[in-house]
Amino acid sequence: MVKLNPNWELKNCCNHEQVVFLVTVAVCTVVILALWRTILLRPFKLVTVFLHEASHAIACKLTCGHVEGIQVHADEGGTTQTRGGIYWLILPAGYLGSSFWGMVLILASTNLLTARIAAGCFVAALLIVLCVAKNWTLRGLCIGFVLFLGVVWILQETTKIRILRYIILFIGVMNSLFSVYDIYDDLISRRVHSSDAEKFAEVCPCPCNGVGWGVIWGLISLVFLCGAMYIGLVILS
């Protein structure tokens, strides 16, 4: 029987794999920030919007609601039409869900097997959402990323171009950073009155406005990102 003894204290940090992990995350962050307003990141930003809307849909289904459709728009906006379910659980699921999936993808990138599983699950999710997509931006995004991940997978298995783990890590870091930025942009700096946080403030009995919930959700998203870094180092120790 194999006994697992996680190195929670990160003793003797950092080994080669941990250094590679940290450097890769840092490089991904720099590349993302450098290309933030360029068209090159647009597909990855739309993937984050997709995960945001998919998280609303998952929360709706888990609370016995019905998902009538999902849309992702070229301007990096999106909507999820739901009926029923627990509204005050569905609302925060978008921002917090996309942060959570960013953490999951970052952790999945620490191992080739888990990276393969993450890629397979991601492709399955894209194909499922393709069936309920209500506009061609989302349909094109789903088809494009299925093909993209398929090509990356084939290269991983048949050539010496082994980049699947790095692609999963990049998507995870992109998702984590964009979700934090999205929370700041929509809920704190501009205060979009139709935002999830403003709607949540209306239905939640707590004495907290939309900006307050935006700050809380932003802090939780940062915890997800920092937690992903820490747990990733533990896994690689």
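The backbone N, Cα and C atoms fix where each Cβ goes, glycine too.
Per TrEMBL, these features apply:
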- 20-39: transmembrane segment (TRANSMEM)
- 86-106: transmembrane segment (TRANSMEM)
- 113-130: transmembrane segment (TRANSMEM)
- 136-156: transmembrane segment (TRANSMEM)
- 163-184: transmembrane segment (TRANSMEM)
- 215-236: transmembrane segment (TRANSMEM)
For the transmembrane segment (86-106), name the stretch out of 20-39, 163-184, 215-236 with the most CB-CB pairs under 8 Å.
163-184
What residues elsewhere in the chain lie close to the transmembrane segment (20-39), defined as a C-beta under 8 angstroms and at least 6 residues from its ends?
14, 106, 110, 166, 169-170, 173-174, 177, 229, 232-233, 236
Counting Cβ pairs under 8 Å that are 6 or more apart in sequence, does the total for the transmembrane segment (113-130) and the transmembrane segment (215-236) reach three or more?
no
